[in-house]
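Remarks on the structure that follows.
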Amino acid sequence: MIPQDPAHAASPLDPNSTTSLRLPGLDAIREAVRSSAVFLLLAVLLIVFAVAQPAFLTVGNLMSILQGVSVVAIIGAGVTVTLAIGEFDLSVGAVAASSVMAASYAMIVLGLNATETVVLVIAFGALVGLFNALLIVRLGVPDLLATLSTMFLLTGLQLIPTAGRSISAGLILPDGTTATGRVDPSFLPIGRSSLWGTVPIPVVIMAALAVVLFVLTEKTRFGRVLFATGGNEIAARLAGANTARIKTIAYVLSGALASVGGIIVAARVGRGDVSSGASLLMDSVAAALIGFAVLGLRRPNVFGTIIGAVFVGVLLNGLTMLNAPYYTQDFIKGAVLVGALALTYGVARNRL
Amino acid sequence: MGAARLAEHPETLVMPLLDIRSLSLSFGSTRALDAASLSIEAGEIVALMGANGAGKSTLVKILSGVQRADSGAVLWKGLPFAPASPAAAGRAGVVTVHQSTDVVGIPDLTVADALMLDCFIDGRQPFFLSTASVRRSAARLLKGTGIDLPLDRRFGDLGTADRQMVAIARALSNKAELLILDEPTASLSSLESQRLYALLRALKAQGLAILYISHRTADLQALADRVVVLRNGRDVGRFARPIDFDAAIEAMIGRPLPAAETRGAAAPGKPLLHLHGAALLPDSLPFDLTVHEGEIVAITGVLGAGKSRLLSTLFGVYPLASGNMTLAGMPYRPKGPAEAIAAGVVMAAEDRHRSSLMPAGWPGESIAETISLPHLARWYPSGLIDTRRENREAARAIERLGIKARSPDASVWSLSGGNQQKVVLARWDAAVSRILLLDEPFQGVDIGARQDIIDALRSQRGRATLIATSDPDEAHAVADRVLTLSRHTIETAAHGEITEPQALREQKEDA
Ligand SMILES: Nc1ncnc2c1ncn2[C@@H]1O[C@H](COP(=O)(O)OP(=O)(O)OP(=O)(O)O)[C@@H](O)[C@H]1O
Ligand SMILES: [Mg+2]
């Protein structure tokens with residue numbers, strides 16, 4: 001739901017479209033500042049934290065920051081894909097949370113192994129995406145309402161199989177029997193171990209997905225049509241694009257990515273917690289929106305989303321090391337988001 | 001009526017209402033305006049002519065407070081005038097209807113609300129509004145202008161012409177002393193244009209000054225007291241009554257209007273597209289239509305006659321209500337644009353903003369990306385984009401259709417209106433097709449460029465072109481055969497009907 005209605009976004013009188021170049025020097029500088037501001041700030045943060053707290057700038061700490069943001073970054077990448085079609089998937093947080101439950105349930109109650117569980121959970125996420133697409137593309141329900149309903153549905157659904165209990169080995173099921181399975185030991189490394197002892201597996205997954213999604217959205221035909229659908233759906237259709245299919249793929253991708261996030265959380269905590277993933281929606285949306293400011297693109301982009309997530313991670317980690325109290329975290333995230341949006345839309349704006 | 005005579009010596013006799021003195025504005029390395037001068041008296045209609053990208057809209061944007069000039073001066077009633085915003089210009093009495101009608105529109109408002117928007121904002125209307133009272137005021141406003149509009153429709157559902165009329169009516173509701181119209185008839189049929197002419201003449205008689213921009217010679221002949229010609233941002237010609245339009249056109253494009261290639265000379269090729277007993281709507285009369293290879297057929301008709309419906313149906317957007325179609329002898333029943341394109345039937349739809357362009361700042365906004373969108377699968381079979389391919393195609397299109405642009409990867413939003421339209425045409429000219437459907441393809445395209453485009457279209461033999469246009473002069477100027485559509489059915493379907501001589505050229509020979 002971000003930069004909608006081509007009739008407006010695209011008007012030639014749009015102040016943003018008429019890049020005034022009357023003072024080339026000044027405008028070029030402004031533009032340069034705008035497109036690199038997030039990186040400059042990130043560099044400043046790293047330096048300030050490194051000076052104030054030597055333990056900050058260690059490989060171990062940096063890796064733990066990346067590990068911390070990997071889930072949000074992956075889910076945020078999915079949100080970015082739905083933003084690219086001009087819509088918004090509000091169900092990602094709930095998909096991730098119910099994926100945590102589903103993964104634990106698959107292993108502890110159904111007795112599946114790690115591979116089966118991963119496949120099943122990703123299929124679950126994709127299926128939720130398909131359901132969203134059904135509501136939005138086939139039935140014509142507005143995206144925000146449809147995905148909000150799905151979010152509600154999932155938040156409730158994940159409580160039903162266990163009667164609202166968290167899932168861990170020895171869980172007592174609603175029918176009184178005790179679950180016999182356990183978490184497959186080869187599942188846990190997904191969230192806990194590291195490559196060569198330094199790069200956590202979640203960071204590897206995040207990096208791999210980021211590269212794949214970046215290429216997919218920015219360098220392929222599919223990406224072109226994806227953005228075309230979001231920019232001007234009528235134009236995309238009149239150019240021969242199957243926009244219904246594109247939208248469906250976008251929601252399926254978003255759901256599947258959210259479930260990957262859920263799998264990582266499940267592997268990290270090793271159990272199905274009913275309260276896991278409470279802030280995942282807000283954090284991943286924030287990452288995607290901060291991403292608008294990265295490179296000064298003013299539009300959803302996967303690279304920006306990843307940087308946005310890392311930026312928030314660095315800031316929170318550094319402040320925590322400097323003893324900022326835990327309860328200020330949400331406030332800080334909010335401030336970063338406001339700053340990024342002001343940067344995206346405010347700086348280098350011409351008058352009208 | 002003395003104003004027209006006075007205007008021939010504006011500098012010497014009286015202080016003009018508006019006096020523009022060597023105004024300049026550059027966008028990067030593009031000089032949009034280069035020391036242009038112009039003056040307007042009260043009670044006269046000055047026509048601003050110029051090829052696509054000559055700087056007309058740029059001049060208008062400066063007068064209406066959208067943009068600021070780099071240098072030069074504007075005197076309004078003798079005082080320096082540099083409005084900071086359109087609202088400021090409006091308060092001073094300069095009211096503008098811009099080239100793009102999308103600008104004034106809020107899709108969800110009713111037409112009545114859209115008309116009264118200015119009154120809501122400046123407090124002429126009470127704070128609490130009732131639908132009925134708004135509707136009453138809007139009806140009163142329309143009555144004063146003589147424009148007829150469906151007040152209860154959603155603005156976003158209106159066609160281009162009606163949106164244009166809303167914009168004009170809205171401009172007239174303000175207390176204007178200078179009315180600037182940037183291509184107001186681009187989407188109007190001749191009937192509506194006539195209504196607009198009558199309205200503008202009445203306003204002029206009341207002492208309103210009008211700056212009028214149009215590529216339609218018929219408009220200028222009907223209205224202009226004086227003509228000022230812009231070329232490459234400079235004023236290169238001034239013409240007073242009686243206006244020599246040929247000389248004006250020559251000044252505008254820098255050469256005499258090229259003669260069209262001999263058309264209709266080659267015998268029409270094989271029949272390509274057949275419509276048998278085709279009804280566009282369930283209650284419209286069925287008709288037959290045959291289009292031949294190498295032929296350019298124009299379809300005219302008043303607004304709502306079904307021109308766009310016919311082309312969209314051929315393009316698979318709507319199904320035929322009854323009857324059937326064959327393409328090169330095979331049954332043709334596309335279920336959507338994708339299938340039509342696959343069969344070699346392509347359409348450049350009307351209203352480029354809605355139908356063809358990506359928003360500014362969004363991926364796909366560049367000239368090259370706009371052209372490549374329907375051709376991605378063929379140009380990039382691997383699925384990976386290599387921008388060199390589309391840039392090459394775009395560079396060729398820029399050359400072929402004479403698009404005034406800095407580079408293939410420039411944003412379409414940095415182009416003038418007519419050049420944007422050429423990009424849309426270039427998109428469909430970039431690949432081989434069997435049937436080319438063009439819905440109001442020359443909106444905002446100057447006549448010199450129109451001729452070049454038609455010649456370019458003709459160079460691809462074996463293709464049939466259907467052009468829907470509400471301008472009968474244009475239909476006769478570009479086509480081998482002209483059909484008239486009325487109530488969604490073809491009136492004169494006589495095959496091989498001789499084209500009437502082009503109205504414009506005829507009058508040229510008279511001169
Ligand atoms: N925002 C912009 N950025 C860069 N160049 C621009 C911008 N706006 C206009 N131009 C350039 O300025 C020149 C004049 O444009 P303008 O829109 O005034 O032409 P015009 O005379 O109105 O043409 P048309 O008949 O096609 O509407 C063109 O070369 C155009 O590309
Ligand atoms: Mg213009």
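Glycine is treated like the rest: Cβ placed from N, Cα and C.
Where the annotation comes from TrEMBL, it is an automatic prediction and has not been curated.
If you look up TrEMBL, you'll see A:37-56, A:62-85, A:92-112, A:118-137, A:195-216, A:249-270, A:276-295, A:302-319, A:331-348 marked as transmembrane segment.
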Recorded stretch, among A:118-137, A:249-270, A:331-348, maximising Cβ pairs under 8 Å relative to the transmembrane segment (A:195-216):
A:249-270
Cβ contacts the transmembrane segment (A:276-295)/the transmembrane segment (A:118-137), at least three under 8 Å, sequence gap 6 or more:
no
Between the transmembrane segment (A:302-319) and the transmembrane segment (A:92-112), are there at least three Cβ pairs closer than 8 Å, leaving out pairs fewer than 6 positions apart?
no
Given A:37-56, A:92-112, A:118-137, A:249-270, the one sharing the most C-beta pairs under 8 Å with the transmembrane segment (A:62-85) is A:249-270
Quick tally over A:37-56, A:118-137, A:331-348 of CB pairs under 8 Å to the transmembrane segment (A:249-270) gives the top stretch as A:118-137
Give me the stretch from A:92-112, A:118-137, A:331-348 with the greatest number of Cβ pairs under 8 Å to the transmembrane segment (A:37-56).
A:331-348
Which sequence positions outside the transmembrane segment (A:118-137), separated from its termini by at least 6 residues, show Cβ-Cβ distances below 8 Å to it?
87, 89, 91, 95, 98-99, 102-103, 106, 112, 143, 146-147, 149-150, 154, 187, 190, 244, 247-248, 251-260, 262-263, 266
